[in-house]
Structures are given as C-alpha cells and as structure tokens.
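Feature annotations, courtesy of TrEMBL:
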- 470-486: compositional bias 'Acidic residues' (COMPBIAS)
- 2-145: domain 'SPX' (DOMAIN)
- 468-492: region 'Disordered' (REGION)
- 250-268: transmembrane segment (TRANSMEM)
- 280-303: transmembrane segment (TRANSMEM)
- 315-332: transmembrane segment (TRANSMEM)
- 338-356: transmembrane segment (TRANSMEM)
- 377-399: transmembrane segment (TRANSMEM)
- 411-432: transmembrane segment (TRANSMEM)
- 543-562: transmembrane segment (TRANSMEM)
- 574-594: transmembrane segment (TRANSMEM)
- 606-623: transmembrane segment (TRANSMEM)
- 668-694: transmembrane segment (TRANSMEM)
Amino acid sequence: MVEFGKKLKERQIQEWGGYYINYKLMKKKVKQYSNQIEAGVLERRHVLKDFSRMLDNQIEKIVLFMLEQQGLLASRIAQLNEQQEALLEQPDISKISELREAYRAVGQDLLKLLLFVEMNAIGLRKILKKFDKRFGYKFTDYYVKTRANHPYSQLQQVFKHVGLGAVVGAISRNLADLQDRQGSYLSIYDQPALPLQEPVVDSLQSAVDRLTHSTNFLEFLGQHALIMHEELPSLVDEHIDNQRYHFMSLILNLANTFLYMVNTYIIVPTADDYSTSLGAAPTVCGIVIGAMAVAQIFSSVYFSAWSNKSYFRPLVFSSIVLLIGNAMYALAYDSKSLTILLLGRVFCGLGSARAVNRRYISDCVPLKIRMQASAGFVSASALGMACGPAFAGLLQTNFKIFNITFNQVTLPGWVMTIAWACYLVLLSISFIEPAREIEIDDAPENSSAAQNDKVEKGLAQPLLMSTEHEQDDDGDQECDASDEAPEESRRPANSLGAAYRLLTPSVKVQLLIYFMLKYAMEILLSESSVISSYYFGWTTSKVSIFLASLGLTVLPINIVVGSYISNMYEDRQILLASEIVVFLGILFSFQFIVPYSVPQYVCSGLIMFVAAEVLEGVNLSLLSRVMSSRLSRGTYNGGLLSTEAGTLARVIADATITIGGYFGESNLLNLTLIPSLVICIGSIVATCCTYNSLY
C-alpha cells in the first residue's frame, strides 16, 4: 500500500502541481502544533484559528484553479459550438468527424479536472482526520459546520463539484447531436434515456455521479454488503481481477448466501411450536433461533481468517456443517431432545460463511462489475429472508417414513439438508479456486499513453470512497518521523482489539446504529409467531405470509431510495430521518390501554422494518466512508466488524425474548420493545453529536 503523500505525487498532473493541496506542509504543521501545545507555547484556540486560515487558503487555491479550468473548457466548447453551427449550413462528413474528436478531447481534459478534484477532496478529508486524531476529534465538526453551510462556501465547490455538471452536459449534448441517429433530430433533452455510444461521456457521467455521492438502485443496494475497497486500483490490479474472476464460482458464492438466509428464517414461523412439542415454553423459540447467531459470532472470525488462504475449502466445510446441523434439527423431534435441537442450530451457525461470501466479491470480482455483485449479494440475502418463511408456510403436512416424522416443524430441517447436499455437489463440480497471487511487472508510467490510462483508471473508481478516509497515521514518511512506523501504520488489524482501536467516534456511532436496527428487526421477526398467536390466534401459514411480505419489501424500498431519495438528500439526512421513523415504528408497536389489533401490529411492524432497511443501506454506506482503510483488508476487516455487531444484536434480542417469556406472554411484547426504544433513542442522540463529521 502506497502512502497517500506519495500517491498524491504519482497521480497528480504535473503541470497542475502547484494547485494541489499541500498535504506535506499541512501534515508538518499538524505535528508542529502538537509539539507546541505540549510545550505550552501555543493555545488550542490559536491552533484552531491558524489551521482554519491555512485550510481556507488551500481550498481557495483549489477552487479558483478549478473555476479557471472550467472557464477554459467552456470557452473551447463555445468555439466548437460555433463550428458546429457552421456545419449545419454546409455539412462536411470529414469536418463532423474532426469536430467529434475535438469534443472528445475536451471530455478527456474534463476527466483530468475531475481527477484533480478527487485527489484534493481525499487530501482534505485525510488532513482533517489527522488533525482530529491529534486534538480530540472536534475540529472537523467545527470546520464543516462553519464552512459547508455558508452562502459563499468554497468547501461546497470541492465536494459538490458545482458547475462541472454543466460542462458535462454541454459535451454530452453536442456529441449526441453529432452522432448519426439515422435521420432522427431528437435531442438528449427530448429522449434522456436514448443511449449515447460515447465512452468518454460514460466516463464523465460515472465520475460526476461518484463525486456527488449520487447513486442508483444497484449502487445503493450494493452498499448493504459493505464490500470495502482498499485502494484505487492500478492496471495490475485490474488485470489480476480479470484473471481471478469466474462467473459460475460467483453464482455459487451468491447461492451460498441465499441458502444460508433461507436456513436462518425458515424455522421462525414454527420455532415456538417445535419448542412446545419438546415440552418447553413457546418463548424458548428465542434460544432456538438465537443459537445460530451465537455460533455465528465465532464462525465469522475463523471463516474470515480462512478466506485469507482459500475460498473453496471454507465453502465446502460450511456446506457439510450446515447439512449435519439441519439433519440434527430435524431428528430432534423423534429423539424428544431439546439439546439435539439446539446443537443442530449451533452447527448451522458454525457453518455461516458470509465472511467468505463478502471477501470473495471484494477480492475476486473485477471492479467494473463489483457493485453489481455486491447488489447481488444483498438481493440474495433479501430473497432468502423472504423465501424462508414462505417455504415454512408451504410445508404443512404430517407423515412418517421408517419411524422418522415429517411435519411442519421437522420438514424445514429436512428440506435444508437436501438443499445443502445438492449445493455441495454443485460446488465440488463447478467452483474454481482463484489464484492467490500473480506477479506482473508494472507498466512504465512516463509515457503520455500511460498518463492517460492512469487518469482513466483513477476516474473509474468512486471518488470519495472508504480509501480516502484512511486512518490518520497513514504512514507517510515525508515529514513525520515521530509518527508510527510506516509498515505498522499500513498493516491490517491483527485482532479485534487492534481493530477496535482504529474506530473513530463516527465509526462507533455507525456500528451502534447497525446494532440498533438489527436488534429491532430481530425482535420483530423472532417473536412474531408467539405474539401473533397470543393476540390474534394466527396459524403458521399466516405468520409465514406476514414474514415473507416483510422480506419482499426490501427490493422495492431500495429501488425507491437508491434511485430517487438518495439523489435528493445527503446520506446523513436520510440516516437521521430513518432513525426517527424506526423510533416511531417501535413506539407504535407498544400495547397501550386499547385492545391490541392486527392493523396496529402489522402497520407498526411494517413501518419499523421498512425504515430499518432504508437505514441499513445508508448506515453501511457512511460506515464504509468513515472507516479506516486498514479495516478494508485482513481477517479483522470492516465487514467482519459489522457482521459481529449485527450478530451480537441478534443474540441479545433472542435472549431478551426468552427472558421476557418468564414474565408471561401478556407482558412479552412491551418488555422486548423497551430495550429497542432505549437503544434507538441513544443512536439518535449519538447521530446528532457526530452529524457534522458525516459530511
């Protein structure tokens, strides 16, 4: 991993070198401030004022140069427009071709300007984080609050690319007008969905979308997966990606995700009936459901570590363990053993390979389709969540074969046993283990072609992704000898404790929010069979329909949020609004004086579940941006931390249901909702405290 200071020098356009953020100087100033405060020479108040002035000057330098370049590009486009008007009167095919090439050349220069904005935005974020680490995580909040919301904000120019969109629009429109449309005189404004086969326009549009944090359905859905990216890839990285990619292996990886989610939720509608058939209380279903999550806390760690060496063997092991666990779950009925039932669920949890599923997408899928693969991961999870209860509702039968009972409580186990056996066969036949390391010589970068390729590749990435939010001690060797050793500062976390020490307050708040939403969702789903049976007398089929309906809302809601809402509002605004709606959903779920009714239960549950789904996507998007890049790789990565937080929430929620059952089914609903309400209020308060740091 290259230090940011060196990467800035390598990636910058040489003739624009004097207009980039002076990262080296600012890093040196941060160190000087720290030493002077420790020596008592300076006060913090003076440091804040001086550093703010320096930042203002750096941003002004960047913005003025950016505006100057925009003006030059606009002038070139205006001149080309005049030539185009002349061609309308006297068409000349050769001159039209030359004009199109001239517009493309302007587009290439605009791509360079977007790369310039990208690197400066990264530098600003990193120096703010470094300053925060030295002085207590308070400066970013102050600086963003005072600069971003000012009517003459220059910070907005950097992070919101004000004006660049108009230049992109001009290039796109004129290239479209020059394109042969077989006699059509329609403009892109008449038919905005009309495809324009211009690679430079596609590159420009994707770069602008990423710079503004604009999104679409696939990107928003992919954010749920928290597939973190370590660095802006080079040509070598892309070549390796293509060599390691195998379509059928990716499909099998996603199939593992789908089957595991089905396995998780297929027992939820019948878990209370299974518990009572073995002589336990209905609320023991909390332990039965939660046993899988308890084991997953431990399995996530060893599967994450195992994925450093192999993908095939962990998936095979996962399938075998899940096959055994489901068989034990089904056989517990005839054995009359609650112990075997719980052990079966524990085995299922020990087979959770979601860490491998995430890691495979992150490491082995080419960057150009990684977002689609991430969206596929989330879609497979959502579909499995909906199909699990739906399958349980269909398995309403009762018969025996060789004294083995097949009924509504055992069939989920037998169905999943067969499913995992079939999956294991397909895995053995079709999965190809990707190569772990390939040595490729770096291409020389001193040629103009290499420079253009570098620009293209740099702009093929999200401009403000998690990589730009690296840990503050990023390992730059230029001028900070007293910081951590470079190798140590770039090394992935090697334990949960080391990973925890990399968490800033903003990251901790996002993990708290993730814990809250998973806790609230688990309470709603896991106790649904007990609550609905007690208050409304619902059968297993009705519970299955209710849970499947909730699961089916995931994709439509993400389409609406990913395609529309996230383009109109900032992520932090959607985050806070979603938390408030989750709070209202939990509040309306309480049983008050009036008799508890089906409309109240269904509507409040739907409001809470939908808001939690929206919250999850935005939460993981923000988490990937504020998390250290040292957590983007290795065993103890960001995906593992979020998985552990969510799994721990599920374990505590299921335990809460079982404990609440000791106070009677009449009190279960309110007792389990109180912790959800308290945690939700805490997450809202924490979000407000770190709101400006999420800019």
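Even glycines carry a Cβ here, placed using N, Cα and C.
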Any contact between the transmembrane segment (668-694) and the transmembrane segment (574-594)? By contact I mean 3+ C-beta pairs closer than 8 Å, pairs at least 6 apart along the chain. yes
Do we see three or more Cβ pairs under 8 Å linking the transmembrane segment (411-432) and the transmembrane segment (315-332), pairs being at least 6 apart in sequence? yes
Seg_contact(the transmembrane segment (280-303), the transmembrane segment (574-594)) with at least 3 CB pairs under 8 angstroms, min sep 6: no
Secondary structure split (DSSP) over the domain 'SPX' (2-145) reads 126 helix, 0 strand, 18 coil
Could you tell me the mean pLDDT over the domain 'SPX' (2-145), as a whole number? 80
Would you say the transmembrane segment (606-623) and the transmembrane segment (250-268) are touching, if the rule is that at least three C-beta pairs must lie under 8 angstroms and be 6 or more residues apart? no
